Amino acid sequence: MKNKITALFMLVAGMLIGAALLAWLTPGAKTTAPVANEHAEPLYWVAPMDDNYRRDRPGKSPMGMDLVPVYADSKQSLSPGTVTISPAIQHNFGVTVAPVTYGKLEPSLTTVGYVDYDESLLAHLHPRTAGWIEQVFVNATGEVVAADQPLYTLYSPELVNAQEELLIALKRNNTNLITAAKARLQALGLTAKHIHDLTQSRQLQQSVTFLAPQAGFIKQLNIREGFYVEPASLMMSIASLDSVWIKAEISESLTGLVAIDNTADISVTARPGERWQGKVVHVHPAMNPATRSLRARIQVPNPTQQLKPNMFATVTLHTQPLPATLLIPEAALIRVGQEQRVVVALSNTTFKSIAVTAGRSANGQVQILKGLQAGDKVVTSAQFLIDSESSKASDLKRLAPDQTHANQNQSGHAVEPPTQTDTADSVWVQATVIETMPAMHQLKVSHQAVADWDWPVMTMMFKVTADIELRALTAGQNVQIELTRYADNAVTITQLKPVPEHSPTGHDDQKDTAQEHAHHD
């Protein structure tokens with residue numbers, strides 16, 4: 001019995017606290033909350049929770065709450081969804097505002113990539129003439145070699161004949177023949193040192209030892225002693241790690257930010273706390289159809305050779321500043337599904353949710369392409385609490401600069417008619433999760449054919465709406481997804497439902513989902 005009394009008491013207390021909160025956040029469309037006026041005479045007193053309960057003197061409402069005075073200057077019409085909050089309540093809620101500014105956004109994007117060889121530093125060794133390998137001085141791939149280190153010895157009848165021609169020319173002291181013989185030896189791959197030594201010693205070499213053209217390590221080794229080789233034979237290749245390439249994957253929505261000469265910061269998990277700087281030297285002209293991403297090549301100096309090929313890397317690209325636009329703190333933007341809005345401070349005590357069109361975001365700021373004006377003030381803290389009350393009745397009309405003063409609201413902000421949203425086409429389809437990228441709001445899936453769009457079975461990377469939780473998904477999981485295609489042909493996953501384990505094909509679930517949506521339509 002004692003527990004029941006305690007529970008009943010807590011329930012009544014909770015109801016009173018909730019009623020008090022609703023009284024603090026009172027939409028202008030439903031009540032005539034007072035504008036601060038300490039000296040004016042109240043017209044009447046009204047119940048905070050019932051606009052029809054009015055009295056000509058202070059008192060209590062049927063719910064036991066104090067009646068609220070209404071003054072003459074509070075009778076001006078407020079647009080739907082306007083919320084009035086006293087300064088004291090704003091202080092308790094921690095309401096803060098920030099002005100809308102005009103400036104340039106300097107975005108940076110973080111993505112993943114992997115380390116690869118700098119192909120401009122790869123040396124591929126082919127013989128200039130046919131012959132036989134007599135000796136190999138390196139044993140396996142991965143072996144480190146120095147510049148001018150002996151690599152292999154080659155016996156070639158053509159090389160022997162060319163040396164004889166030089167020796168005969170030297171014996172005859174015929175300058176023209178000497179020059180021609182030296183040129184032929186150079187064409188057959190002998191270095192200037194080889195030719196100089198032959199000229200000094202006048203001794204013909206049956207086998208010639210060839211040296212490493214650069215320092216590095218053996219990437220490929222295709223010869224052993226006794227092998228017959230010819231000019232088409234790739235005997236070995238030497239790779240240098242003094243410089244490496246980072247091949248970064250850029251998601252489709254961010255490709256417009258990447259350009260040649262963009263700088264980049266590189267980090268790898270194998271070397272925590274260390275950073276490398278590089279520069280974009282190439283952007284691939286075509287998207288990867290499997291991942292729906294664009295590959296950018298970044299050249300990174302690697303003098304200590306700590307970056308190894310095939311390491312995974314985290315890449316932060318610094319892009320060029322975007323054209324100047326309106327900017328607001330990113331914390332002020334409220335994203336609900338496909339909707340974007342902010343809470344605007346119309347005055348010191350009145351607020352309203354306004355629909356906006358947001359652009360790119362970076363460094364804690366976001367572009368506003370439509371809906372606000374420079375100098376407006378937006379709420380950056382406690383805005384979700386205000387929005388939850390304002391959006392119930394708000395017309396979400398944008399603030400427009402081109403309407404007359406007669407159509408302006410009480411704070412001087414004009415309102416334009418709401419614009420129609422872009423037409424969208426949606427379908428449900430069965431899919432299997434391949435890879436999740438929660439930080440980038442992207443999901444890679446292999447989906448069934450979409451007959452309505454003439455799509456075959458494909459594996460694609462899609463953007464997902466912010467309300468879909470990707471961290472709960474695992475690779476190989478079967479799901480049903482709603483694909484929404486907008487007027488600009490961008491396709492986004494707007495809904496996702498896991499397929500129960502007892503229904504591996506998901507056909508029945510897909511049919512039920514389709515019937516359910518058809519019923520709602």
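Even glycines carry a Cβ here, placed using N, Cα and C.
Positions annotated as domain 'Heavy metal binding' by TrEMBL: 44-70.
Residues or ranges marked as domain 'CusB-like barrel-sandwich hybrid' in TrEMBL: 123-239. Assigned with DSSP, the residues of the domain 'CusB-like barrel-sandwich hybrid' (123-239) fall into helix, strand and coil as follows: 39 helix, 34 strand, 44 coil.
What TrEMBL records for 158-206 is domain 'CusB-like three alpha-helical bundle'.
The annotation domain 'CusB-like beta-barrel' is assigned in TrEMBL to 243-320.
Annotated domain 'Multidrug resistance protein MdtA-like C-terminal permuted SH3' per TrEMBL: 326-381, in sequence order. For the domain 'Multidrug resistance protein MdtA-like C-terminal permuted SH3' (326-381), the mean pLDDT of the prediction comes to 88.
Annotated region 'Disordered' per TrEMBL: 403-423 (among others), in sequence order.
Sequence annotations record features per position, and here TrEMBL assigns compositional bias 'Polar residues' to 404-423.
The region 'Disordered' annotation in TrEMBL covers 497-521 (among others).
Annotated compositional bias 'Basic and acidic residues' per TrEMBL: 504-521, in sequence order.
Here the domain 'Multidrug resistance protein MdtA-like C-terminal permuted SH3' (326-381) has, by DSSP, the following mix of helix, strand and coil residues: 3 helix, 37 strand, 16 coil. For the domain 'CusB-like beta-barrel' (243-320), the DSSP counts in helix, strand and coil order read 6 helix, 39 strand, 33 coil.
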